[in-house]
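J.: Following this message is one structure expressed as structure tokens.
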Amino acid sequence: MSTKDPMAVERANLLNMAKLSIKGLIESALSFGRTLDSDYPPLQQFFVVMEHCLKHGLKVRKSFLSYNKTIWGPLELVEKLYPEAEEIGASVRDLPGLKTPLGRARAWLRLALMQKKMADYLRCLIIQRELLSEFYEYHALMMEEEGAVIVGLLVGLNVIDANLCVKGEDLDSQVGVIDFSMYLKNEEEIGNKERNVQIAAILDQKNYVEELNRQLNSTVSSLHSRVDSLEKSNTKLIEELAIAKNNIIKLQEENHQLRSENELILMRTRQHLEVTKVDVETELQTYKHSRQGLDEMYNDARKQLRDESQLRQDVENELSVQVGMKHEIELAMKLLEKDIHEKQDTLIGLRQQLEEVKAINIEMYQKLQGSEDSLKEKNEIIARLEEKTNKITTAMRQLEQRLQQTEKAQMEAEDEGEKCAQECLSKSDSLQRQISQKEQQLVQLETDLKIEKEWRQTLQEDLQKEKDVLSHLRNETQQIISLKKEFLNLQDENQQLKKIYHEQEQALQELGSKLCESKLKIDDIKEANKALQGLVWLKDKEATHCKLCEKEFSLSKRKHHCRNCGEIFCNACSDNELPLPSSPKPVRVCDSCHAMLIQRCSSNVP
């Protein structure tokens, strides 16, 4: 015959009772109407069964006056493992009618059922087996697989709505006895209820799935909120990147435009140089042919007339082209001015953003300094609390030594009394007096022990409070460390933004210098066009001699146009510069125009 383990049999019996009570409670609640009161018998039996399950294998704890064996210790541990259970613990401690730990545990079970979180709370306990080993034996139901099965069955109770009044009940003096008559069924009742078993099982499965779906929905909603916050931060960063990229693209386009304009100006200057070279060559040819006969001169003059007429047409065409170019240059200037204004606005916006970032950095730095000061103060408080705990431990050791001394004194007194009783009866009166004195001493020692016990309880409560303060301070230090990390991340982002800002400023400065150069070139072109509009310029081929000194032009004696009259002179006769109405800058003028303009200025001056 193989003998079964009695503890395993007890666990199996309790598991079966828990199954029956949970199943019966759900079935009766579905038939009764899902909302249950505290007077409902299946609900009372469920709490009794749960109490027996939690008591199974509970370790006995010794105290000064009695032995303690309650389930309030492991249930009180749920607050540290599951933060949402702090409300239940606080409300149970605030109840006025509860005096014993067992009554508090019963009130805790009722409140957990009303909150529909009994399965979640007990699941946290079962996972932490190292902490449970302080309260339960290794063979207890909560330490084995049966405890996990019961916790899984408790999820089905989330279908029930319980309205329990915990304040009015006398939970301290209740006797937890399981009524097996509720679970013993007749064959007729079984035959009648077999039809509803399948429907009840389907409803249980449905409610279980709904509860799991509710928990999954809560986790999904929390994940969605996290994803939304991450997406918002990501979109902000993407927008900033897109703005920076757009600015870079605009600057690149403007750079390309300026380069194309510079290339066009270079092409025009080269064409103009080629035309001047051709004019010089033609002048040399005419100079060589002029030494030949008059007949050849006559034929050359005819050819020159034809060439000059063609050149005049070409010059007129060039003037029309230059007028069109002038309009285009004015439009380009307006567009460039608009772009410069827009870039100045963007620069101002970027500087404002930099100032805002600097203000945020200053605020974060001030917060960091404040948090560091609070950290220092909290570290000092922690050091003081540790000193207090050391003092309390030394006081507790002294109290234990006193207790041992009193017990030894009591034992010695008893031994002396027995010896004196055996030795002689004559000394009984004196011994009785000594015994009475010792009894008085014992009464005094007991009173001292009670006082020391109360003092020890107060010291333990102070220790618990100081531990709570320490945990709170540690949480705050962790928050401060996370704030430090965020501040460092913000500093890195600030440095990156500063780098981007400096790069954009350098690019804008380069663009500004290029724009200034292009503006100066456009002003020169404008002045040249204004000067060309009011004058009829002589062609280089028509002038062979200086108009003032009448000396012949050559390679050493070059031709120069007067910007006032348009005639061609040599360098010596046109070595003067004056500002004209068409151009505010001083330009080349011949001697006669120079004298005439000076006379006009002197006559206009009073």
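Glycine too: its Cβ is placed from the backbone N, Cα and C atoms.
Marked as coiled coil by TrEMBL: 227-261, 298-514. What TrEMBL records for 37-169 is domain 'RUN'. The domain 'FYVE-type' annotation in TrEMBL covers 540-598.
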J.: Sort the residues of the domain 'RUN' (37-169) into helix, strand and coil with DSSP and give the three counts.
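T.: Summed by class, the stretch gives 83 helix, 8 strand, 42 coil.
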J.: Summarise the model confidence on the coiled coil (227-261) as a single mean pLDDT, whole number.
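T.: For the coiled coil (227-261), the model's average pLDDT rounds to 82.
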J.: Can you count helix, strand and coil residues in the domain 'FYVE-type' (540-598) using DSSP?
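T.: Its residues fall into 8 helix, 14 strand, 37 coil.
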